[in-house]
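J.: Below are the features listed in Swiss-Prot for this protein:
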{"type": "REGION", "residues": "1-375", "note": "region 'RNA packaging and organization of the helical nucleocapsid'"}
{"type": "REGION", "residues": "1-36", "note": "region 'Homomultimerization'"}
{"type": "REGION", "residues": "1-403", "note": "region 'Ncore'"}
{"type": "MOTIF", "residues": "70-77", "note": "motif 'Nuclear localization signal'"}
{"type": "BINDING", "residues": "K180, R195, Q202, Y260, N351", "note": "RNA binding site"}
{"type": "MOD_RES", "residues": "T279", "note": "phosphothreonine"}
{"type": "REGION", "residues": "373-391", "note": "region 'Homomultimerization'"}
{"type": "REGION", "residues": "404-525", "note": "region 'Ntail'"}
{"type": "REGION", "residues": "418-525", "note": "region 'Disordered'"}
{"type": "REGION", "residues": "477-505", "note": "region 'Interaction with the phosphoprotein'"}
Amino acid sequence: MATLLRSLALFKRNKDKPPITSGSGGAIRGIKHIIIVPIPGDSSITTRSRLLDRLVRLIGNPDVSGPKLTGALIGILSLFVESPGQLIQRITDDPDVSIRLLEVVQSDQSQSGLTFASRGTNMEDEADQYFSHDDPISSDQSRFGWFGNKEISDIEVQDPEGFNMILGTILAQIWVLLAKAVTAPDTAADSELRRWIKYTQQRRVVGEFRLERKWLDVVRNRIAEDLSLRRFMVALILDIKRTPGNKPRIAEMICDIDTYIVEAGLASFILTIKFGIETMYPALGLHEFAGELSTLESLMNLYQQMGETAPYMVILENSIQNKFSAGSYPLLWSYAMGVGVELENSMGGLNFGRSYFDPAYFRLGQEMVRRSAGKVSSTLASELGITAEDARLVSEIAMHTTEDKISRAVGPRQAQVSFLHGDQSENELPRLGGKEDRRVKQSRGEARESYRETGPSRASDARAAHLPTGTPLDIDTATESSQDPQDSRRSADALLRLQAMAGISEEQGSDTDTPIVYNDRNLLD
């Protein structure tokens, strides 16, 4: 049996191991297409700001082809370094594209104000054609609709500080698009707006240079469909991270945005490790989890072997990303999601609509957290030097905290949320109608009187005796009440206290002419 277990461990390890690179075969190269990337041909700030202005207009032109759009974006992304050409040549290793660099200098004879650097050859017409200045219609389209503030006619500046602020503002909006351009483009607008507000408050960007939604949609779609552009962006991030010492301000901002980009598309794998394994609940000892635990161990080893590109495997369309999906460990993933929902409020909005989602193990994770509340790990306590008396104190405090949390969370759930307007009185609110409405009013009144006379324990019995027979029971609440009557009783007592307080406040406020009405609709708009 020991030999079988060793063979099984070796089999699992080799099964998930990536292919070993061999020198016997040649490198496979695809059919390349050429991408022209304009870069500044001198160190003048005027040249760089004018080039940035023309490239932003070019991207806003709806008639621009895909490769030309990619070249313009690469040119903007590399403008913050001293030598953009050297940077592009150093980090670019793409089997699908061939990058051609074109140096751009100032020119007074071209409509765009720029020309391609050449030895004695007049390239003004070619530069105007590239920057779409040969067609007045396309020029008008690119002239308007790129910045939200229509009063900004151009972004040409003379001083380096102003140029860095404008360039940093534009780059921040482009880099933020990479976070969800591949994984969740439909829901990306909200998160992108939150990042923009954050950097505006930190004075890293200038609010006046917020780009229009159409311009951002064009860039997001291009990032999603062009793997070569994403490869360049990931290579640029890794190159910035390897740079020792102090980095430029724009480079530090890119590293900050990288915290939202890294591990995109790997939420199932990361959250399973966080909530399923790191919490170290005893449920991990179940036989059902044995095989999936070994699978996760192999995947963690594979993740480390992939090196610095592992967090970007989904963005880079690495085929090995399928091994890390939750379908490879469905039971452990379902259990981890149950643990996460109980521990963190942010997990409540996660989408669990997967075909391999197992509700039984999801419930197992929830119950594991609830019943383990207040318990102190003996191993961790010994490592931290926590005495037995301190452990008992911590358990007691944690139990009271958990009980308060459960009493606030458990209770009847609203089937529909209605908003109260200032022009609505209490008599105009929607009613149940008929006999059922009178029964509910009677039960509430008797419950308040019972609470005042006999206290919370007998009031809860009166509440239970007068529940409407036609009221549907919530399945989750009914299950939890049957499993833990104490929690159900505590929840009912809490509700009766609230109803009694509401009754007292109504009696106190009956003498006033105008009731106080709170309208929360504006908070949700």
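From the backbone N, Cα and C atoms, a Cβ is placed for every residue, glycine too.
Context for these features, please: burial, neighbours, distances.
T.: Mean per-residue pLDDT, taken over the motif 'Nuclear localization signal' (70-77), amounts to 96.
Long-range C-beta contacts of N351 (RNA binding site), restricted to its own chain and to partners at least six residues apart, with a cutoff below 8 Å, are absent. Secondary structure at N351 (RNA binding site), taken from DSSP and collapsed to helix, strand or coil, is coil.
Taking Cβ-Cβ distances under 8 Å and a sequence separation of 6 or more, the neighbours of T279 (phosphothreonine) in its chain are V339, L343.
Within the region 'Homomultimerization' (373-391), the DSSP-based counts of helix, strand and coil residues read 11 helix, 0 strand, 8 coil.
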J.: Tell me, how many other CB atoms lie within 10 A of the CB of R195 (RNA binding site), whichever protein chain they belong to?
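T.: I get 19 for this one.
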J.: For Q202 (RNA binding site), list the number of other Cβ atoms lying within 10 Å of its Cβ atom.
T.: 10
J.: By Cβ distance under 8 Å, which residues at least 6 away from the ends of the motif 'Nuclear localization signal' (70-77) in the same chain are close to it?
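T.: Apart from its flanks, the motif 'Nuclear localization signal' (70-77) reaches 35-39, 51-52, 55-56, 58-59, 64, 84, 88, 97, 99, 170-171, 174, 219, 222, 226, 228-229, 232-233, 236.
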J.: Rounding to the nearest whole angstrom, report the longest C-alpha distance spanning K180, R195, Q202, Y260, N351, listed for RNA.
T.: 32
J.: Just to be sure I understand the packing, how many Cβ atoms besides its own are within 10 Å of the Cβ of K180 (RNA binding site)?
T.: 22
J.: Name the residues of the same chain, 6+ apart in sequence, whose Cβ is under 8 Å from the Cβ of Y260 (RNA binding site)?
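T.: V176, A179, S191, R195 - these are the non-local Cβ neighbours of Y260 (RNA binding site), listed in sequence order.
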